[in-house]
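Quick look at what TrEMBL annotates:
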DOMAIN    196-448  domain 'Chorismate-utilising enzyme C-terminal'
ACT_SITE  LYS216  active site, proton acceptor
ACT_SITE  GLU265  active site, proton donor
BINDING   GLU309, GLU444  Mg(2+) binding site
Amino acid sequence: MLQTKPLTILEQLNNAKEHMNDLGISQLMVSLVEKVDYIDPIQFFSHFQNQDLIRLFWKDSEDSFYLVGIDQFKTIETSQNRFDAIQKKREELLNQIYSPNGAEKGTGPVMLGGFSFNDTIYGEKWDSFNSGQMIIPKTLLTVNEDDYYMTYNVTLTENTDVDELYKELYSYKSRSHDGKQNSNQQLQSTNSLDYRNWSQLIEKAVGSIKNGTLGKVVLARELEAEFKQPININDVLVNLVNHQTDSFIYIFDQGDDAFISATPERLVKADDNELLSTCLAGTIKRGETPDEDSLLAHQLLNDEKNRSEHQYVVSMIKEAIEPLTYSIDIPTSPVILPLRSLQHLYTPVTARLKESQTIFDLIEKLHPTPALGGEPRHVAMQFIEENEPFERGWYAAPVGWVDADDNGEMAVAIRSALINQNKATLFAGCGIVEESDPLAEYEETKLKFTPMLEALGGTSQ
Ligand SMILES: C=C(O[C@@H]1C=C(C(=O)O)C=C[C@H]1O)C(=O)O
Ligand SMILES: [Mg+2]
(Lines of atoms letter the chains of each structure in order from A and count residues from 1; the text may use other names and numbers.)
(Lines give C-alpha, C1' and ligand atoms only; values in the text may rest on other atoms or scores of the structure.)
(Ligands and ions follow the chains in the order given, each with its own letter.)
Protein backbone atom coordinates (compact mmCIF):
# COMPACT_ATOMS: atom_id res chain seq x y z
CA MET A 1 0.00 0.00 0.00
CA LEU A 2 1.17 3.45 -0.79
CA GLN A 3 2.15 5.21 2.41
CA THR A 4 1.45 8.92 2.31
CA LYS A 5 3.85 11.20 4.09
CA PRO A 6 2.26 12.96 7.07
CA LEU A 7 1.58 16.61 6.43
CA THR A 8 3.82 19.15 8.08
CA ILE A 9 2.24 21.66 10.44
CA LEU A 10 2.60 24.40 7.83
CA GLU A 11 0.85 22.24 5.20
CA GLN A 12 -1.90 21.41 7.68
CA LEU A 13 -2.39 25.09 8.43
CA ASN A 14 -2.63 25.97 4.76
CA ASN A 15 -5.08 23.11 4.15
CA ALA A 16 -7.20 24.26 7.04
CA LYS A 17 -7.29 27.82 5.72
CA GLU A 18 -8.37 26.52 2.30
CA HIS A 19 -10.98 24.31 3.94
CA MET A 20 -12.31 27.33 5.79
CA ASN A 21 -12.55 29.34 2.58
CA ASP A 22 -14.27 26.44 0.79
CA LEU A 23 -16.87 26.29 3.53
CA GLY A 24 -17.34 30.02 3.26
CA ILE A 25 -16.96 30.51 6.98
CA SER A 26 -14.95 33.18 8.74
CA GLN A 27 -13.58 31.16 11.62
CA LEU A 28 -12.41 27.56 12.10
CA MET A 29 -11.00 25.64 15.05
CA VAL A 30 -8.20 23.35 13.99
CA SER A 31 -6.25 20.59 15.70
CA LEU A 32 -2.80 20.09 14.18
CA VAL A 33 -0.69 17.05 15.01
CA GLU A 34 2.92 16.26 14.24
CA LYS A 35 5.19 13.38 15.14
CA VAL A 36 8.31 14.67 16.82
CA ASP A 37 11.59 13.40 18.23
CA TYR A 38 12.12 12.60 21.90
CA ILE A 39 10.87 15.23 24.36
CA ASP A 40 11.10 14.59 28.10
CA PRO A 41 7.52 15.05 29.42
CA ILE A 42 8.67 16.10 32.89
CA GLN A 43 11.02 18.74 31.53
CA PHE A 44 8.39 19.90 29.09
CA PHE A 45 5.89 20.36 31.96
CA SER A 46 8.48 22.08 34.14
CA HIS A 47 9.40 24.49 31.37
CA PHE A 48 6.07 26.33 31.75
CA GLN A 49 6.27 27.05 35.47
CA ASN A 50 5.61 30.69 36.50
CA GLN A 51 4.04 31.65 33.19
CA ASP A 52 0.49 31.93 34.50
CA LEU A 53 -0.61 29.11 32.27
CA ILE A 54 -2.71 26.13 33.24
CA ARG A 55 -0.54 23.01 33.20
CA LEU A 56 -1.95 19.50 33.00
CA PHE A 57 0.06 16.33 33.52
CA TRP A 58 -0.90 12.67 33.14
CA LYS A 59 1.20 9.52 33.41
CA ASP A 60 -0.40 6.07 33.37
CA SER A 61 0.42 3.34 35.87
CA GLU A 62 2.48 1.38 33.31
CA ASP A 63 4.82 4.36 32.87
CA SER A 64 4.29 4.11 29.11
CA PHE A 65 1.81 6.85 28.31
CA TYR A 66 2.16 10.56 29.17
CA LEU A 67 0.17 13.67 28.34
CA VAL A 68 1.28 17.20 29.08
CA GLY A 69 -1.20 19.96 28.27
CA ILE A 70 -0.31 23.64 28.39
CA ASP A 71 -2.77 26.54 28.42
CA GLN A 72 -6.48 26.42 27.63
CA PHE A 73 -7.76 26.26 24.08
CA LYS A 74 -11.29 25.39 25.15
CA THR A 75 -12.61 24.62 28.62
CA ILE A 76 -15.87 22.90 29.46
CA GLU A 77 -17.15 23.41 32.97
CA THR A 78 -20.35 22.05 34.40
CA SER A 79 -22.18 21.78 37.63
CA GLN A 80 -25.62 20.24 37.03
CA ASN A 81 -25.81 16.69 35.68
CA ARG A 82 -22.11 16.99 35.10
CA PHE A 83 -21.03 13.77 33.32
CA ASP A 84 -23.84 13.94 30.81
CA ALA A 85 -23.51 17.71 30.40
CA ILE A 86 -19.77 17.51 29.73
CA GLN A 87 -20.32 14.79 27.16
CA LYS A 88 -22.98 16.82 25.31
CA LYS A 89 -20.86 19.98 25.26
CA ARG A 90 -17.85 17.93 24.22
CA GLU A 91 -19.69 16.46 21.24
CA GLU A 92 -20.80 19.91 20.11
CA LEU A 93 -17.28 21.21 20.39
CA LEU A 94 -15.64 18.26 18.63
CA ASN A 95 -18.05 18.65 15.71
CA GLN A 96 -16.60 22.09 15.11
CA ILE A 97 -12.91 21.17 15.30
CA TYR A 98 -11.18 20.30 12.06
CA SER A 99 -8.37 17.71 12.27
CA PRO A 100 -6.61 17.61 8.89
CA ASN A 101 -4.03 14.98 9.77
CA GLY A 102 -6.15 12.23 11.38
CA ALA A 103 -5.20 11.29 14.89
CA GLU A 104 -3.11 8.70 16.69
CA LYS A 105 -4.45 7.65 20.08
CA GLY A 106 -4.18 10.43 22.64
CA THR A 107 -3.41 13.16 20.09
CA GLY A 108 -5.57 15.87 18.49
CA PRO A 109 -8.38 17.54 20.44
CA VAL A 110 -7.73 15.56 23.63
CA MET A 111 -9.46 16.73 26.80
CA LEU A 112 -7.84 16.54 30.21
CA GLY A 113 -9.49 17.35 33.48
CA GLY A 114 -11.47 16.05 36.35
CA PHE A 115 -14.45 16.13 38.62
CA SER A 116 -15.26 16.64 42.26
CA PHE A 117 -16.27 13.73 44.48
CA ASN A 118 -19.77 15.10 45.02
CA ASP A 119 -22.09 16.69 42.47
CA THR A 120 -21.32 20.07 43.97
CA ILE A 121 -18.14 21.55 45.37
CA TYR A 122 -17.87 24.20 48.07
CA GLY A 123 -15.41 25.98 50.34
CA GLU A 124 -12.83 28.70 49.85
CA LYS A 125 -10.03 26.18 49.47
CA TRP A 126 -11.63 24.80 46.31
CA ASP A 127 -12.65 28.17 44.89
CA SER A 128 -10.83 27.73 41.61
CA PHE A 129 -12.08 24.17 41.04
CA ASN A 130 -15.40 23.21 39.52
CA SER A 131 -17.46 20.04 39.92
CA GLY A 132 -16.52 19.19 36.32
CA GLN A 133 -13.69 20.75 34.34
CA MET A 134 -12.34 19.36 31.07
CA ILE A 135 -9.78 21.28 29.06
CA ILE A 136 -8.54 21.04 25.50
CA PRO A 137 -5.07 22.54 25.89
CA LYS A 138 -3.50 24.84 23.33
CA THR A 139 -0.38 22.71 23.22
CA LEU A 140 -0.27 19.01 24.03
CA LEU A 141 2.64 16.62 24.23
CA THR A 142 1.73 12.95 23.88
CA VAL A 143 4.19 10.19 24.71
CA ASN A 144 3.03 6.70 23.77
CA GLU A 145 5.84 4.19 24.43
CA ASP A 146 8.56 5.42 22.07
CA ASP A 147 6.40 7.69 19.95
CA TYR A 148 6.19 11.44 20.60
CA TYR A 149 3.58 13.81 19.21
CA MET A 150 2.81 17.50 19.50
CA THR A 151 -0.72 18.77 19.05
CA TYR A 152 -1.48 22.47 18.50
CA ASN A 153 -5.09 23.60 18.81
CA VAL A 154 -5.77 26.95 17.15
CA THR A 155 -8.58 29.08 15.80
CA LEU A 156 -8.14 30.37 12.27
CA THR A 157 -9.95 33.45 11.07
CA GLU A 158 -10.09 35.17 7.70
CA ASN A 159 -7.32 37.47 8.90
CA THR A 160 -4.96 34.79 10.13
CA ASP A 161 -1.53 35.06 8.60
CA VAL A 162 -0.59 31.39 8.39
CA ASP A 163 3.16 32.01 8.36
CA GLU A 164 2.92 34.21 11.46
CA LEU A 165 0.77 31.69 13.29
CA TYR A 166 3.18 28.94 12.34
CA LYS A 167 6.04 30.87 13.96
CA GLU A 168 3.93 31.57 17.03
CA LEU A 169 3.18 27.89 17.57
CA TYR A 170 6.83 27.21 18.14
CA SER A 171 7.55 30.28 20.21
CA TYR A 172 7.28 28.29 23.45
CA LYS A 173 10.60 26.69 22.58
CA SER A 174 12.44 29.94 23.00
CA ARG A 175 10.65 31.20 26.11
CA SER A 176 12.86 31.10 29.12
CA HIS A 177 11.72 29.43 32.30
CA ASP A 178 12.50 29.59 35.94
CA GLY A 179 14.21 26.33 36.79
CA LYS A 180 14.99 27.02 40.40
CA GLN A 181 14.62 24.10 42.77
CA ASN A 182 13.68 23.98 46.42
CA SER A 183 15.88 21.05 47.24
CA ASN A 184 15.69 21.47 50.99
CA GLN A 185 12.03 22.08 51.62
CA GLN A 186 11.09 21.93 55.29
CA LEU A 187 7.81 20.96 56.86
CA GLN A 188 6.75 23.49 59.47
CA SER A 189 3.52 22.12 60.93
CA THR A 190 0.66 19.76 60.31
CA ASN A 191 -2.90 19.77 61.44
CA SER A 192 -5.57 17.08 61.10
CA LEU A 193 -8.61 15.57 62.76
CA ASP A 194 -7.49 14.35 66.18
CA TYR A 195 -7.80 10.75 67.14
CA ARG A 196 -10.71 11.25 69.55
CA ASN A 197 -12.92 12.76 66.83
CA TRP A 198 -11.76 10.17 64.32
CA SER A 199 -12.66 7.26 66.59
CA GLN A 200 -16.11 8.75 67.25
CA LEU A 201 -16.64 9.00 63.51
CA ILE A 202 -15.59 5.40 62.92
CA GLU A 203 -17.69 4.13 65.81
CA LYS A 204 -20.73 5.89 64.41
CA ALA A 205 -20.12 4.28 61.02
CA VAL A 206 -19.66 0.83 62.57
CA GLY A 207 -22.93 1.41 64.47
CA SER A 208 -24.77 2.09 61.19
CA ILE A 209 -23.21 -1.02 59.69
CA LYS A 210 -24.24 -3.15 62.68
CA ASN A 211 -27.82 -1.92 62.52
CA GLY A 212 -27.96 -2.80 58.83
CA THR A 213 -28.25 0.72 57.35
CA LEU A 214 -24.85 0.44 55.68
CA GLY A 215 -22.60 -2.35 54.40
CA LYS A 216 -19.41 -0.37 53.91
CA VAL A 217 -18.50 3.30 53.98
CA VAL A 218 -15.17 4.96 53.13
CA LEU A 219 -14.19 7.71 55.53
CA ALA A 220 -11.30 10.07 55.14
CA ARG A 221 -9.47 12.85 56.88
CA GLU A 222 -7.50 15.77 55.58
CA LEU A 223 -4.07 16.81 56.75
CA GLU A 224 -3.03 20.42 56.45
CA ALA A 225 0.71 20.81 56.05
CA GLU A 226 2.60 24.07 56.07
CA PHE A 227 6.09 24.37 54.61
CA LYS A 228 8.87 26.92 55.07
CA GLN A 229 8.94 27.86 51.39
CA PRO A 230 6.38 27.86 48.60
CA ILE A 231 5.91 24.37 47.22
CA ASN A 232 7.55 23.87 43.85
CA ILE A 233 5.19 21.72 41.73
CA ASN A 234 8.05 20.71 39.42
CA ASP A 235 9.96 19.24 42.36
CA VAL A 236 6.90 17.38 43.60
CA LEU A 237 6.40 15.90 40.14
CA VAL A 238 10.00 14.69 39.95
CA ASN A 239 9.71 13.09 43.40
CA LEU A 240 6.47 11.34 42.49
CA VAL A 241 7.78 10.11 39.14
CA ASN A 242 10.89 8.71 40.85
CA HIS A 243 9.16 7.03 43.78
CA GLN A 244 5.57 6.17 42.78
CA THR A 245 6.41 4.22 39.66
CA ASP A 246 3.32 1.99 39.57
CA SER A 247 0.92 4.87 40.06
CA PHE A 248 -0.93 7.21 37.79
CA ILE A 249 0.37 10.73 38.24
CA TYR A 250 -2.00 13.57 37.67
CA ILE A 251 -1.54 17.34 38.01
CA PHE A 252 -4.05 20.11 37.44
CA ASP A 253 -1.99 23.23 38.01
CA GLN A 254 -3.81 26.55 37.81
CA GLY A 255 -0.91 28.69 38.93
CA ASP A 256 -2.09 29.62 42.42
CA ASP A 257 -3.77 26.33 43.18
CA ALA A 258 -2.67 22.91 42.07
CA PHE A 259 -4.28 19.52 42.61
CA ILE A 260 -1.92 16.55 42.49
CA SER A 261 -2.48 12.84 42.79
CA ALA A 262 -0.21 9.79 42.60
CA THR A 263 -2.85 7.11 42.63
CA PRO A 264 -2.68 3.35 42.02
CA GLU A 265 -6.41 3.22 41.27
CA ARG A 266 -7.88 3.18 37.78
CA LEU A 267 -11.56 3.94 37.51
CA VAL A 268 -11.88 3.09 33.84
CA LYS A 269 -9.84 2.83 30.68
CA ALA A 270 -11.49 2.70 27.24
CA ASP A 271 -9.21 1.48 24.47
CA ASP A 272 -11.16 0.89 21.25
CA ASN A 273 -13.94 -1.28 22.63
CA GLU A 274 -11.93 -2.80 25.41
CA LEU A 275 -12.65 -1.67 28.92
CA LEU A 276 -10.37 -1.95 31.90
CA SER A 277 -11.29 -1.20 35.47
CA THR A 278 -9.69 -1.87 38.82
CA CYS A 279 -10.97 -3.13 42.12
CA LEU A 280 -8.60 -1.83 44.75
CA ALA A 281 -9.39 -2.04 48.45
CA GLY A 282 -7.73 -3.70 51.42
CA THR A 283 -4.44 -2.40 52.77
CA ILE A 284 -1.39 -3.42 54.78
CA LYS A 285 2.08 -1.89 55.18
CA ARG A 286 5.21 -3.13 53.35
CA GLY A 287 7.71 -5.26 55.28
CA GLU A 288 11.23 -4.20 56.21
CA THR A 289 12.66 -7.43 54.75
CA PRO A 290 11.47 -9.61 51.84
CA ASP A 291 10.37 -12.27 54.34
CA GLU A 292 8.34 -9.85 56.40
CA ASP A 293 6.94 -8.38 53.20
CA SER A 294 5.58 -11.68 51.93
CA LEU A 295 4.30 -12.56 55.38
CA LEU A 296 2.32 -9.32 55.42
CA ALA A 297 1.06 -9.98 51.88
CA HIS A 298 -0.06 -13.46 52.93
CA GLN A 299 -1.77 -11.98 55.97
CA LEU A 300 -3.60 -9.40 53.84
CA LEU A 301 -4.76 -12.01 51.33
CA ASN A 302 -6.20 -14.14 54.12
CA ASP A 303 -7.67 -11.40 56.26
CA GLU A 304 -11.46 -11.57 56.39
CA LYS A 305 -11.97 -7.89 57.16
CA ASN A 306 -9.84 -6.72 54.22
CA ARG A 307 -11.38 -9.33 51.91
CA SER A 308 -14.79 -8.03 52.83
CA GLU A 309 -13.75 -4.39 52.08
CA HIS A 310 -12.49 -5.64 48.72
CA GLN A 311 -15.49 -7.78 47.82
CA TYR A 312 -17.89 -4.84 48.01
CA VAL A 313 -15.92 -3.17 45.23
CA VAL A 314 -15.73 -6.28 43.01
CA SER A 315 -19.47 -6.97 43.28
CA MET A 316 -20.46 -3.39 42.53
CA ILE A 317 -18.15 -2.92 39.54
CA LYS A 318 -19.31 -6.25 38.09
CA GLU A 319 -22.96 -5.29 38.49
CA ALA A 320 -22.44 -1.83 37.00
CA ILE A 321 -20.46 -2.97 33.97
CA GLU A 322 -22.10 -6.28 33.06
CA PRO A 323 -25.14 -4.82 31.24
CA LEU A 324 -22.85 -2.76 29.00
CA THR A 325 -20.60 -5.58 27.87
CA TYR A 326 -20.49 -8.71 25.71
CA SER A 327 -18.06 -10.41 28.01
CA ILE A 328 -16.47 -9.56 31.28
CA ASP A 329 -13.46 -11.11 32.95
CA ILE A 330 -12.98 -10.78 36.72
CA PRO A 331 -10.71 -13.24 38.53
CA THR A 332 -12.39 -14.90 41.52
CA SER A 333 -9.78 -13.81 44.04
CA PRO A 334 -7.59 -10.75 44.40
CA VAL A 335 -3.81 -10.52 44.13
CA ILE A 336 -1.38 -8.21 45.89
CA LEU A 337 -0.49 -4.82 44.40
CA PRO A 338 2.73 -3.73 46.13
CA LEU A 339 3.47 0.00 46.27
CA ARG A 340 6.41 1.80 47.86
CA SER A 341 5.00 2.13 51.37
CA LEU A 342 1.93 -0.09 51.36
CA GLN A 343 0.29 -3.02 49.61
CA HIS A 344 -3.31 -3.49 48.46
CA LEU A 345 -5.70 -6.21 47.43
CA TYR A 346 -6.20 -5.85 43.69
CA THR A 347 -8.60 -7.41 41.19
CA PRO A 348 -8.33 -6.34 37.53
CA VAL A 349 -11.49 -6.14 35.41
CA THR A 350 -11.48 -6.49 31.63
CA ALA A 351 -14.53 -6.37 29.41
CA ARG A 352 -15.63 -5.86 25.80
CA LEU A 353 -18.01 -2.97 25.55
CA LYS A 354 -21.29 -3.65 23.73
CA GLU A 355 -21.76 -0.42 21.84
CA SER A 356 -19.83 2.75 21.83
CA GLN A 357 -20.30 4.01 25.34
CA THR A 358 -18.41 7.16 26.07
CA ILE A 359 -16.06 7.30 29.01
CA PHE A 360 -18.49 9.73 30.67
CA ASP A 361 -21.31 7.12 30.58
CA LEU A 362 -18.93 4.71 32.28
CA ILE A 363 -17.88 7.22 34.93
CA GLU A 364 -21.51 7.95 35.66
CA LYS A 365 -22.16 4.24 36.25
CA LEU A 366 -19.03 3.66 38.31
CA HIS A 367 -18.39 6.77 40.41
CA PRO A 368 -18.01 6.42 43.27
CA THR A 369 -17.30 2.72 43.63
CA PRO A 370 -17.35 1.31 47.17
CA ALA A 371 -13.57 1.86 47.20
CA LEU A 372 -14.29 5.55 47.83
CA GLY A 373 -18.00 5.80 48.62
CA GLY A 374 -19.63 2.71 50.03
CA GLU A 375 -22.56 0.32 49.81
CA PRO A 376 -25.40 1.06 49.35
CA ARG A 377 -24.00 3.97 47.39
CA HIS A 378 -26.55 6.68 48.21
CA VAL A 379 -26.70 5.80 51.92
CA ALA A 380 -22.90 5.89 52.13
CA MET A 381 -22.74 9.19 50.23
CA GLN A 382 -25.21 10.70 52.64
CA PHE A 383 -23.28 9.37 55.64
CA ILE A 384 -20.07 10.91 54.28
CA GLU A 385 -21.74 14.24 53.57
CA GLU A 386 -23.27 14.45 57.03
CA ASN A 387 -20.37 13.17 59.09
CA GLU A 388 -17.01 13.79 57.44
CA PRO A 389 -15.77 17.13 58.79
CA PHE A 390 -14.24 18.52 55.57
CA GLU A 391 -14.93 19.05 51.85
CA ARG A 392 -13.53 16.30 49.62
CA GLY A 393 -13.27 18.57 46.59
CA TRP A 394 -11.49 16.58 43.87
CA TYR A 395 -10.14 14.01 46.31
CA ALA A 396 -11.41 10.48 45.53
CA ALA A 397 -12.96 11.67 42.26
CA PRO A 398 -12.36 10.82 38.57
CA VAL A 399 -9.46 12.59 36.83
CA GLY A 400 -7.97 11.84 33.43
CA TRP A 401 -8.29 12.28 29.69
CA VAL A 402 -10.31 11.38 26.62
CA ASP A 403 -9.53 11.80 22.91
CA ALA A 404 -11.89 12.53 20.02
CA ASP A 405 -12.24 8.78 19.26
CA ASP A 406 -13.40 8.05 22.81
CA ASN A 407 -10.18 6.43 23.90
CA GLY A 408 -9.30 7.59 27.36
CA GLU A 409 -8.57 6.77 30.94
CA MET A 410 -9.79 8.03 34.28
CA ALA A 411 -8.06 7.39 37.59
CA VAL A 412 -9.45 7.91 41.06
CA ALA A 413 -7.67 10.88 42.67
CA ILE A 414 -6.58 9.38 45.98
CA ARG A 415 -3.06 9.85 47.52
CA SER A 416 -3.66 13.46 46.56
CA ALA A 417 -3.07 17.01 47.70
CA LEU A 418 -4.38 20.49 47.04
CA ILE A 419 -1.47 22.92 47.00
CA ASN A 420 -1.51 26.66 47.52
CA GLN A 421 1.79 28.50 47.96
CA ASN A 422 3.49 27.02 51.03
CA LYS A 423 0.39 25.12 52.18
CA ALA A 424 -0.84 21.71 51.16
CA THR A 425 -3.96 19.81 52.12
CA LEU A 426 -3.52 16.04 51.86
CA PHE A 427 -6.28 13.46 51.88
CA ALA A 428 -6.44 9.84 53.00
CA GLY A 429 -9.31 7.53 53.72
CA CYS A 430 -10.12 3.92 54.41
CA GLY A 431 -12.92 1.44 53.97
CA ILE A 432 -14.98 0.96 57.10
CA VAL A 433 -16.72 -2.40 57.52
CA GLU A 434 -18.28 -4.16 60.49
CA GLU A 435 -14.95 -5.36 61.91
CA SER A 436 -13.18 -1.99 61.61
CA ASP A 437 -11.10 -0.82 64.58
CA PRO A 438 -10.69 3.00 64.81
CA LEU A 439 -7.00 2.87 65.75
CA ALA A 440 -6.05 0.44 62.96
CA GLU A 441 -7.95 2.60 60.46
CA TYR A 442 -6.21 5.72 61.78
CA GLU A 443 -2.84 4.05 61.23
CA GLU A 444 -3.95 3.08 57.73
CA THR A 445 -4.69 6.72 56.84
CA LYS A 446 -1.24 7.68 58.18
CA LEU A 447 0.35 5.17 55.82
CA LYS A 448 -1.63 6.61 52.93
CA PHE A 449 -0.49 10.17 53.65
CA THR A 450 3.17 9.16 53.50
CA PRO A 451 3.87 9.08 49.73
CA MET A 452 2.48 12.57 49.03
CA LEU A 453 3.90 14.07 52.21
CA GLU A 454 7.36 12.78 51.30
CA ALA A 455 7.03 14.05 47.73
CA LEU A 456 6.19 17.51 49.10
CA GLY A 457 9.36 17.46 51.12
CA GLY A 458 8.03 16.50 54.54
CA THR A 459 8.78 13.30 56.39
CA SER A 460 6.83 13.28 59.64
CA GLN A 461 3.12 13.58 60.42
C1 LIG B 1 -9.63 5.94 50.34
C2 LIG B 1 -8.37 5.64 50.00
O3 LIG B 1 -8.00 4.43 49.50
C4 LIG B 1 -8.98 3.41 49.29
C5 LIG B 1 -9.16 2.58 50.50
C6 LIG B 1 -8.43 1.41 50.70
C7 LIG B 1 -8.58 0.61 51.98
O8 LIG B 1 -9.30 1.05 52.89
O9 LIG B 1 -7.96 -0.44 52.13
C10 LIG B 1 -7.55 0.97 49.71
C11 LIG B 1 -7.48 1.57 48.50
C12 LIG B 1 -8.49 2.57 48.13
O13 LIG B 1 -9.61 1.94 47.65
C14 LIG B 1 -7.28 6.65 50.09
O15 LIG B 1 -6.14 6.33 49.77
O16 LIG B 1 -7.55 7.80 50.49
MG1 LIG C 1 -8.71 -0.51 54.33
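Backbone N, Cα and C atoms are what each Cβ position is placed from, and that goes for glycine too.
Values in this document were obtained by computation on a predicted structure and should not be read as measured data.
Structure coloured by features recorded in TrEMBL.
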| residue | record | Cβ within 10 Å |
| --- | --- | --- |
| LYS216 | active site, proton acceptor | 25 |
| GLU265 | active site, proton donor | 26 |
| GLU309 | Mg(2+) binding site | 24 |
| GLU444 | Mg(2+) binding site | 18 |
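If you take every residue in the domain 'Chorismate-utilising enzyme C-terminal' (196-448) and average the pLDDT, you get 96. In the three-state DSSP classification, GLU265 (active site, proton donor) falls within coil. Rounded to a whole value, the Cα-Cα separation of LYS216 (active site, proton acceptor) and GLU265 (active site, proton donor) is 18 Å. GLU444 (Mg(2+) binding site) sits 17 Å from the residue listed as 'active site, proton donor', counting Cα to Cα. Checking the recorded positions LYS216, GLU265, GLU309 against ligand 2, the ones with a C-beta less than 6 Å from an atom of that molecule are GLU309. It is 15 Å from the Cα atom of GLU309 (Mg(2+) binding site) to that of GLU265 (active site, proton donor).
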